[in-house]
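Worksheet for the structure shown next.
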Amino acid sequence: MRRLSWLVPTFYILFLMLPIYWLLNMSFKTTNEILGTFTLWPQDFTLDNYRTIFTDPTWYTGYINSLIYVTMNTVLSVCVALPAAYAFSRYRFLGDKHLFFWLLTNRMAPPAVFALPFFQLYSAVGLFDTHIAVALAHTLFNIPLAVWILEGFMSGVPKELDETAYIDGHSFWSFFLKIFVPTIAAGIGVAAFFCFMFSWVELLLAKTLTAVDAKPIAATMTRTASTSGYELGLLAAAGSLTIVPGAFVIYFVRNYIAKGFALGRV
Amino acid sequence: MTLELKNVGLRFGAETHIFPTDLKLEDGSFNILLGTTLAGKTTLMKLMAGLEKPTSGEVWFAGKNVTGVSVRRRNVSMVYQQFINYPNLSVYENIASPLKVGGTPDIIIKQRVSTMAELLKLTPMLDRRPSELSGGQQQRTALARALVKDADLVLLDEPLANLDFKLREELRDELPKLFADRDCIVVYATTEPTEALLFGGNTACLFEGRISQFGPTGDLYRKPRDIISAEVFSDPPMNAAGIEKKGNTFHLGTKARWDAAGELSGLADGTYTLGIRPHHVSPVSRGEQPVAVDGRVIVAELSGSESVIHFNMDGSTWVSQSHGIHPFEVGSQARLYADMSKAMIFDGNGRRVSA
């Protein structure tokens, strides 16, 4: 029994890694090989797919667009959520608990519900097909999440820290920026990560609210597939590249991720 | 430079946290706030500091009304029971923080921080983060930060409560020395009567948001004004029982009786409450006026050189605390002796009636 105990985790990990491996595998093949034969690894190893993506502006601008609105959204969400979370964690006011809960209900509707109103509204005010349009649309989901995560982290800091700072003579902003924000840096990292990930994988709103100038990479992928036939190798390479930013960001918050899933409450 | 609370009270809606309180703390004095948890010690300190605004009354400092003045504009420092330091700053920066905000030149900051660190044995840790320190060192850092600026009012809210026994003893010895040549008002909150007695100074007994008595610590211990102050200032809890005075004799239960001596002989006949501290109840007959009391033993704790016996006497639980090892069988009937010359007698309103 003991000698076989490695079997289950190994199979599980293989099972998890298989789709990712297959994506990578395809990205190094030619489309002919993918469609023609079944091979476990590339027979005809090629980097052409990646070369195309990094040289053809219709491809790489997709990544740039996505990164722009995702970054905008992350910065915006965290900056707005910080003071809100502080208020929820430190002050009692009329209806605070209801308001706090109501924030989270925003996440309970599927994004598709908001696609039509956003599309109509942004077209009317001339925000259609801009990066800020997508960034703003995503804050609807990300600010509540960031407020919840940050509130959890902030409530873990004793109120006496605030008082000590005031006793020492710090003004509110001096305390907040120089002492409080560094104290909950891990929480800010986690909140930023969750905002980043949501905005990065969200497809429907991003596609609906853009046409050319702010077209996200995911939209580029579907459109290319329909115009020039099935360029599966190219698509696989693009797909592989979309994993990279997430993996990169997750590395920085790897120690705090679990606390983030618990919305900062442990 | 005195701190004066004039009728200061604090309520939240229908809940009263601090009942209107008058208190005058003199310049250079060491004051102790003695009370159980939830008695309102921390709240009262926050009112003194200006962290909390009173809902009634005024706070006066050095002849000025400072009731609405923010804590930032008052020269106050405070140490909490929890170890509160800035986690992202080094120990050096933590201690320097109040001076830096106050705009003190760097050279003077350096000088004063190193003097303070030397005094509190923090010199080797100056470059570390608070999280890398032991509990005692963290609290020393908080103390250093509170002492590095010349605050007019230093508030210490149970600073030793979260430390282990040895460290507590050590810091307790050091504390009075730190304040010996300083010109400030110190307020020290504690739940332990022994700690108050060790520090001396003045003590205010706090019970459920009310100061029951304020005065020199020794006086308060020996001559509490009422039963509440006597109970707050007793650990283990004071023994109490209803007694009756008939003629010149006190009656406790059916058997115990003793003569009223001195001032007590002038007391009118009637029912009173007797209060006697555990260390005046002993298994051996001693003192000026030992009176035998009988009871069933509930708990007998023998610790090193001391015996603590809890026994049930006519329905109420009494505690005897005495030197020496006095083994008692749990459940057995025991005879102990209460030195009634040390007893306190309280009238129906809980006021103490005599010496």
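Each residue, glycine too, has its Cβ placed from N, Cα and C.
Those TrEMBL annotations? Automatic predictions, nothing curated.
If you look up TrEMBL, you'll see A:7-24 (among others) marked as transmembrane segment. Long-range contacts of the transmembrane segment (A:7-24) within the same chain, counting only residues at least 6 positions beyond its ends with a Cβ under 8 Å from a Cβ of the stretch, are 236, 239-240, 243.
Positions annotated as domain 'ABC transmembrane type-1' by TrEMBL: A:63-253.
Within its own chain, the transmembrane segment (A:67-88) is flanked in space by residues 96, 100, 131-132, 134-136, 138-139, 142-143, 145-151, 154, 176, 180-181, 188, 191-192, 195-196, 199-200, 206, 214, 216, 245, which lie at least six positions past its ends and keep a Cβ under 8 Å from the stretch. The transmembrane segment annotation in TrEMBL covers A:67-88 (among others).
Same-chain neighbours of the transmembrane segment (A:100-119): 88, 128, 133, 137, 140-141, 143-145, 147-148, 151, 202, 204-205, 208-209, counting only residues six or more beyond its ends whose CB sits under 8 Å from a CB of the stretch. According to TrEMBL, the transmembrane segment annotation covers A:100-119 (among others).
What TrEMBL lists as transmembrane segment is A:131-154 (among others).
Remote same-chain partners of the transmembrane segment (A:175-201), defined as residues 6 or more beyond its termini with a Cβ less than 8 Å from a stretch Cβ, comprise 66, 69-70, 73-74, 77-78, 81-82, 86, 134-135, 138, 141-142, 145-146, 149-150, 152-154, 157, 161-162, 165-166, 242, 245-246, 249-250, 252-253, 255-257, 259-260, 264. Per TrEMBL, the feature transmembrane segment maps to A:175-201 (among others).
What TrEMBL records for A:232-253 (among others) is transmembrane segment.
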